[in-house]
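What follows is one structure encoded as structure tokens, with my remarks underneath.
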Amino acid sequence: METRHHLNTKMVPSYQAPLSKVTAADLTVERLPGCKYMNPSKKHILREEYRDKVKHIMYDPRPQEDLDAEYPVSCNKLVCELAAARKHLHFNPSETSIGIVTCGGICPGLNDVIRSITLTGIISYRVKRVVGFRYGYWGLSKEGSKTAIELSRSDVRQIHRFGGTILGSSRGPQNPKEMVDTLVRMKINILFTVGGDGTQRGALTIYEEAKRPGENIAVFGVPKTIDNDLAFSHRTFGFQTAVEQAVNAVRAAYAEAVSLNYGVGIVKLMGRESGFIAAQTTVASAQANICLIPENPLPKETVMRLIERRLQQSRNCVIVVAEGFGQDWETGTGGHDASGNKKLVDIGFILKKEVESWLRANKEKFPQGTVKYIDPSYMIRACPPSSNDALFCTNLATLAVHEAMAGATGCIISMRYNNYILVPIKAATSVRRVVSLRGALWRQVREITVGLSDDVQQWNEQDLRRHLESLNVERERIIARLASKV
């Protein structure tokens, strides 16, 4: 597991990383010992889906390209544990208290997850109580724990109709010992952490602290990342809703651009290090002409040439840009937010200024050129989930309760190859999933957007030359250092 943290995985899709770096131990979920309590649901007696035996799916079942066979099959021997309801439980339902905490930025589906965890615990397992901790991990601190609320069926029955989170949220870590002390003092047996990679890294510290002698606490993560960049997962809740809402923004930008003489519409979307929302919105809308994502860095000159090419073809241009693109275009203020995320420069505003300046410089060629800028990010994050995302949230939360009651801990619930699986938190937070520039999604983007393959290739070659030059400089420095020691 430790070798993964030394991998340089930035901008490299997780599935392209060598399988030799992922071991069976990395994907093995810890379970608290002993399952002596019977599931209170009578359905487990006859229903096959209530099982104690853990089933698995292959980590990567896709056919391997290097196999010379008429029907190639996967040679990957690594497996992931399938999530399911269990016949026997680790925790005695009538004596079990469940805790829920939501952290980080809001996202469509948070209330759905809170609702489903609460109702599954109360109705299916008849647990003693469900407690909601307010405003992120602060709610687990000694001071914040005073604001905790007990959740009932009536409290959560209708919350899925609204965006945001009824528990509130915040960024930033808290002392793990203090948080576990709160869980022990309030007699919480299972803590569900709903949040992104920063939240789950915090959950990992709670999980490690909860291992201290005499404690019997399960820590279970429900991952929330609207960017859809979670490792070992092909889908995270809120992502599909975000794409649907983002398409509306692109359509508005298109309406503005097409109504003007040489109109340019710019839409900035979420995506700090992964451009899944921008890429899928570009394909789904079929009205964006340029897609800019962090995985495909381009200089200002190339972007301006892309705009020029589009305006020459048609008197309008729509640009979709992910917030993490072009962070080298201007020097940022530096620093990090409370969650440890690097503060980004506002690429949407910068791009707008650059395009306006370029249009002024080319006024004779593109008279009356106008730029319209739309940033729908906070509107997207705050809306309730689509019906498909709501269903997904319910499935994730329900299975999370089933597995946690059976003693699964230190893991998250996710979807991979259309199966709900369990992944250890340490593995899930060790690498970020990004858009593959050689994959089908980016191929679709390239097919429907304007391109300057020669310019992009030239830029990539220049970047490679700069990298090689830096390596040569470093090599000469090492040789000189060694020579001085002789």
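Note that Cβ sites are derived from N, Cα and C of the backbone, with glycine treated the same way.
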Q. Swiss-Prot has Thr225, Ile226, Asp227, Met270, Gly271, Arg272, Tyr378, Met379, Ile380, Arg381 down as binding substrate; which of Glu178, Glu323, Glu330 does it also list for that site?
A. Glu323
Q) Since Swiss-Prot lists Arg171, Gly172, Gly196, Asp197, Gly198, Thr199 for ATP, which candidate among Gly99, Gly105, Gly265 does it give for that site as well? A) Gly105
Q.
Most Cβ neighbours within 10 Å: which of the binding-site residues Gly172, Gly198 is it?
A. Gly198
Q: In whole Å, note down how far the CA of Asp227 (active site, proton acceptor) lies from the CA of Gly198 (ATP binding site).
A: 13
Q) Given the binding-site residues Gly105, Arg171, Gly196, Thr199, which lie within 10 A of Gly271 (substrate binding site) by CA-CA distance? A) none
(Q) Could you check which of the binding-site residues Gly105, Arg171, Gly172, Gly196, Asp197 is the closest Cα neighbour of Met379 (substrate binding site)? (A) Gly105
Q: Check the Cα-Cα distances from Thr225 (substrate binding site) to the binding-site residues Gly105, Arg171, Gly196, Thr199 and tell me which is shortest.
A: Gly196
Q: Just give me the nearest neighbour of Gly105 (ATP binding site) among the recorded positions Asp227, Glu323, Arg381, Cα to Cα.
A: Arg381
(Q) Can you tell me the CA-to-CA distance separating Asp227 (active site, proton acceptor) and Thr199 (ATP binding site), as a whole number of Å? (A) 15
